[in-house]
Structures are given as C-alpha cells and as structure tokens.
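Q: Structure provided below as structure tokens; questions to follow.
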Amino acid sequence: MAIGNLKDVESGEITYGLEDLEEPLMNGKVVSCSSGEETDGEGEDSSNGSIGMVLLSTAVAVCGSFEFGSCVGYSAPVQSAISEDLNLSLPEYSMFGSILTIGAMLGAVTSGRTADFIGRKGEAFSLDIGRLFTGYGIGVFSYVVPIFIAEIAPKNLRGGLTTLNQLMIVVGASTAFLLGSVITWRSLALTGILPCICLLLGLFIVPESPRWLAKVGREKEFQVALQKLRGNGTDISREAVEIQVNLEALRALPKARMVDLFQPKYIRSMIIGVALMVFQQFGGINGIGFYASETFAAAGPSLAKIGTIAYACIQVPITVAGAMLIDKSGRRPLIMVSATGTFIGCSMAGASFFLKASPSVQSPLFFFFLTFPLLHNCS
C-alpha cells in the first residue's frame with residue numbers, strides 16, 4: 001500500500017507519539033521528582049518518579065556521541081606528525097582522513113535494521129583499516145544514540161536530553177583538537193579508548209530501551225526496564241499502556257515502499273529534504289574540520305596551533321546557542337543564516353589560498369586564514 005493511504009495519521013486520527021514533534025528541543029519546564037503534581041502528556045505519573053536512571057543511561061549513551069566527535073576531530077591536529085612519522089604523502093593522508101566517512105556511511109545505512117534486530121545497546125594500511133572500522137562505529141552511533149535517549153526519556157525531558165547527543169559530538173571533537181595540540185598522535189589515539197570503556201561498562205548497568213522490548217514482544221522485560229527507568233515507587237501503568245497503544249497503531253499502518261517517495265505530491269518535500277542534507281555535506285565542513293591544523297598552517301607555521309585551538313573553543317558555545325535559538329527563531333531563518341555564513345567562509349578561505357602566491361597580499365593572509373574557517377565552523 002502506498003504512503004497516500006496513511007490518511008489516518010495525516011488527518012490527525014492517530015496521534016500517539018506524534019505530539020512529540022511539537023515539543024521544543026530545550027524547554028524551561030522544571031521537573032519535580034518528589035511532588036505529586038501532574039504533568040502533561042505521556043507518562044504523567046512517571047515524570048514524578050526518579051530520573052536518576054534516565055540521566056545515568058543518557059550519560060552512558062552520550063559516551064558514544066563523545067567518541068563520535070573524538071574520531072571526527074582526530075585527524076585535524078595530528079596531520080603533520082603522522083605524515084612525518086609514517087612518511088605519508090598528502091594523498092595517502094587524505095585517504096586516511098576521509099576513509100572515516102566511508103565507514104560512517106556504511107554504519108549509518110546498516111544501523112537501522114541492526115538496531116531493530118539486536119536492540120539499542122548493543123603501518124599506514126593498519127591505520128586506514130582502524131579508521132574505517134571507527135567510521136563504521138560512529139555511523140552506528142549516529143543512529144542508535146539519539147533513538148535510545150528518546151526512547152528512555154520521559155516526555156518532559158526528551159527534547160533536552162536528545163540535544164545532548166549533538167552537544168557531546170561537538171565536545172568530543174573540540175577535546176580531540178585541544179589534546180592533539182599538546183600530545184602525540186599515538187597518545188591521542190589511546191585517549192579514544194576511554195569513552196568506549198565507559199560505554200561498555202555502562203551498558204551492563206543501564207536497562208534496554210522499554211519501547212524496543214515492547215516492540216519485539218518481551219513484555220516482562222519491558223515492564224522491568226520501564227520501572228527501573230522511572231523509579232521503583234512510580235506508577236508506570238499509564239505510560240506502559242500508551243507505549244503499547246502507540247506500537248499497535250504503528251503496526252496497523254500500511255508499509256511504505258521506496259517508490260512511494262516519488263509520487264508527485266511528495267516530490268517537492270523529498271527534493272528539499274535530500275538537497276539540504278546533500279548540500280550541507282558539500283559545504284566543505286568536513287574538509288576544513290578534518291584538516292584544520294594544516295589549513296591554518298598554510299598561512300604560517302605558527303598559526304597551526306592557534307587556529308586549531310580557536311576552532312575547538314568556538315564549536316561548543318555555538319552549538320549551545322543554536323540549540324537554544326532553534327525553537328525561538330525557527331528552523332528556516334537559522335538555515336538561511338548558516339548557509340550565508342558557510343558561503344562567506346568557504347569563499348573567502350578559497351580566495352585566501354588563491355591569493356597566497358601574490359606577494360602584495362601576504363599581509364592579509366593571517367586574517368583570511370584564521371577568520372573565515374572559523375566563520376564557516378560557526379555556520
């Protein structure tokens with residue numbers, strides 16, 4: 001059956017779980033863990049229980065996000081050291097840096113069905129292989145971590161907790177940038193083990209996603225996991241029923257096919273959505289981010305560390321500001337501002353390289369090389 005038959009959802013007849021789309025990413029609600037006051041929405045009883053296990057589970061999950069950022073930021077500050085120690089040419093190091101994205105692509109494509117099946121917890125050549133597998137891992141993280149957090153969090157905390165995923169990716173990248181400026185590339189690689197250890201140990205403590213357990217028919221474990229997340233003294237009956245009803249409603253929907261996306265009424269929306277994702281990747285952020293140190297060094301050897309540290313320090317506050325503004329300013333205005341900044345940053349950074357050969361414009365290069373990659377990063 002085609003997507004066009006889903007009139008019950010589109011007309012609002014089935015709304016279980018869809019009201020979450022209207023919730024802001026970060027809200028100002030105060031959560032009380034002890035009072036008996038009722039709250040709106042899903043699991044109104046459960047929101048008054050203990051959120052300690054939810055926060056612990058989220059902390060464990062975002063170790064994956066931190067590792068994601070660490071892997072993305074690893075190649076930027078260590079390019080010259082690795083190239084010198086292993087005698088890599090520029091094309092060989094470019095392969096090392098970019099092969100991460102190939103692994104991430106494979107991981108992201110296969111992670112959906114894998115997560116549904118097993119649950120949510122679940123020399124230069126050697127360097128490239130390690131980077132490829134690391135990329136596969138962060139591709140899986142990119143799908144599983146936000147899904148896991150959204151499925152374990154009570155409704156009134158869901159937006160804020162899922163925002164931590166993107167924040168910790170940026171924190172991980174910034175940490176790799178900063179550490180890579182002061183320690184060797186081998187030591188930096190070893191630091192990536194720490195969040196993995198925390199994640200592996202934490203998975204023995206935190207419960208599985210209750211929604212996934214209910215989805216696969218493990219009713220008893222579903223009740224135990226939900227009770228553990230909400231606290232022993234919390235009545236979870238209402239939330240448990242809502243999860244079950246939501247899953248039944250989803251099972252009742254006709255299964256969509258890939259070809260349904262190409263129906264005339266969906267073409268415009270699909271083109272806009274896909275184009276935004278494609279052009280975001282072609283905007284150059286990976287090229288600048290993966291090789292930031294050498295990009296700044298092109299304006300002068302002394303600028304490599306200064307530029308890399310500045311690049312790292314600016315990412316976290318910009319991410320926090322974006323999360324706070326997205327509901328107040330709207331999505332479209334922020335996309336327009338981001339696209340404008342990215343365009344200016346890319347254009348001027350490219351112009352700096354183009355003009356570098358001219359002796360008459362050597363003096364402004366510091367400004368161009370340092371300022372516009374940072375502007376691109378902010379965008």
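Using N, Cα and C of the backbone, Cβ positions are placed for all residues, glycine too.
A TrEMBL annotation is a machine prediction, not a hand-curated record.
Among the features that TrEMBL reports, domain 'Major facilitator superfamily (MFS) profile' is placed at 1-379. Annotation comment: TrEMBL describes 132-152, 164-183, 189-206, 266-291, 303-326, 333-355 as transmembrane segment.
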Q: Compare 164-183, 189-206, 266-291, 333-355 by their Cβ pairs under 8 Å to the transmembrane segment (303-326) and return the stretch that comes out on top.
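A: The stretch I would name here is 164-183.
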Q: Below 8 angstroms Cβ to Cβ, which residues of this chain, lying six or more residues outside the transmembrane segment (266-291), approach it?
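A: For the transmembrane segment (266-291), the far contacts come to 3, 72-73, 75-76, 79, 94, 97-98, 100-101, 173, 260, 335, 342, 346, 349, 373, 376-377.
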Q: If I take every residue in the domain 'Major facilitator superfamily (MFS) profile' (1-379) and average their pLDDT values, what number comes out?
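A: Computed over the domain 'Major facilitator superfamily (MFS) profile' (1-379), the mean pLDDT is 74 on the 0 to 100 scale.
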